[in-house]
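Q: Take a look at what TrEMBL says about it:
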- 438-465: coiled coil (COILED)
- 199-243: domain 'PAS' (DOMAIN)
- 316-393: domain 'PAS' (DOMAIN)
- 396-447: domain 'PAC' (DOMAIN)
- 469-663: domain 'Histidine kinase' (DOMAIN)
- 142-164: transmembrane segment (TRANSMEM)
């Protein structure tokens, strides 16, 4: 047995030592070959299978196996590449299978086989030992080759499929590009049609004109403006529709516009309609080069309404300037185009010369303005109010002093209303009034009020001092007289009451009268100046609250600090009188069930709060004859304090008085 190398047969005599032969040892064939062929290189193997395996693994060139072993081993795929290439010629290769435990049987059979004729032996060999040549479908090599062929065919098919797919992808891509190009062309054509439609139906009249002033295109709008058809206007000279555009002027315009292709030339003109009437028009010229042709594009718009509106606006502005010039003051407009831009005066009336001696142009200068006229002491307030109005886009009000050109000081009142022209554009229209005369009267009136208040405070102080003096005199002098009178009455009672029983009754009546006089003197002295004031304002408030409870029966809750800074007599008496007046108003008008009085020091001020749960009233609707409130407010103002009143109908009233503590006390 050997590999299929195209050899038909092998002659054992010609084999050399470099061609080893594998065979099973020990065996009869091994002995046969050793004894007959000395040139062979035999390679012993334990079995026929391992002999064939040595050939497959190329450890031996050939293998010798008997027909019985070959018929079995040739069916295995491992040995499918091997073929029968020679016959050793040993008849012992034909044998029968025998039992191993009967070795004599094998010898008997071998001896019987030797005695058989050669023809019979050949027949037995062909019948029983010749291996069937496997069919084509049973050969593993065939199926392996067929698999390789099919794999190659599949690879070729896949390769062809890939090529076809790439070709198809290229075709689809080209088809898609063609579709996109077609779609883009359709879009471009649609855009062109839309542009042509928009051009034909534009609200602005459009003419394409050659250098020779001949119209080459006219849209529907310009034809309707002038009363022609678009076809009738083509090839006509432009001067037919606009008489002012003669050939010389047209060539001059052509040259100017052609030299500045990036810009357009605009002017106002008057066109002639088909019926001969004139039409005010705004004209714009633009240069157009299309391929080799050059045109001037003439844009016409009907300016009849705009010029009528402009004339009305000019008339209105002239009328406004005339009115502003006759206003006794300075009329102005302040503009802020957007929040980041500075605010500038866009208009100053002619009244500025009469008010401050400067012409409007000087005041409207960027580095001048009304702010330069403001008195140095009032500039901070001016800038504060102006900046606040500009930041909030709200109305602007300011009052202060300004300086005229000759250095005189005048009082001015600025009032301006804000208007929003757009989302960011804001203007302030206002007037600067000369209020010098009114301000002088106001200052004199304020000074008179201050003097009157000082006089009232002085009179009140004198009055309180006089009350205190009268209270002391009443208490001391009249009290002393009443004490003597009471003493004399008691002496008369001791001396003469026993003499006449009727005299005792008269003396008892006199003692009661004297006691009533004592109480009256105390009440008068207390009313003039309560002695409790000498103990401090807190004690005086508690005393007055208890007295109010006794007189009215209305519970009164008092809250005063344990330690309170001392007040001057004037402020203590003033607060006490305000409290008395407030409690009197509660008793007369409030119909209250409870009253709360609180006194506390807040910062550098002393705060007195009087609250009730009565019926309340509307402070805005209080009568002018409410002298009680007026008196309290004036008294507090004389003390340099503040009075606040809060009341709601049905919810009670709260009165709050604040006066400054003395400086030495605060320190």
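Even glycines carry a Cβ here, placed using N, Cα and C.
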Q: Across the domain 'Histidine kinase' (469-663), what is the average pLDDT of the model, as a whole number?
A: 80
Q: Per DSSP, what is the helix/strand/coil residue tally across the domain 'PAC' (396-447)?
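A: The domain 'PAC' (396-447) comes out at 12 helix, 29 strand, 11 coil.
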Q: Per DSSP, what is the residue tally for the domain 'PAS' (199-243) in helix, strand and coil?
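A: The breakdown for the domain 'PAS' (199-243) reads 16 helix, 11 strand, 18 coil.
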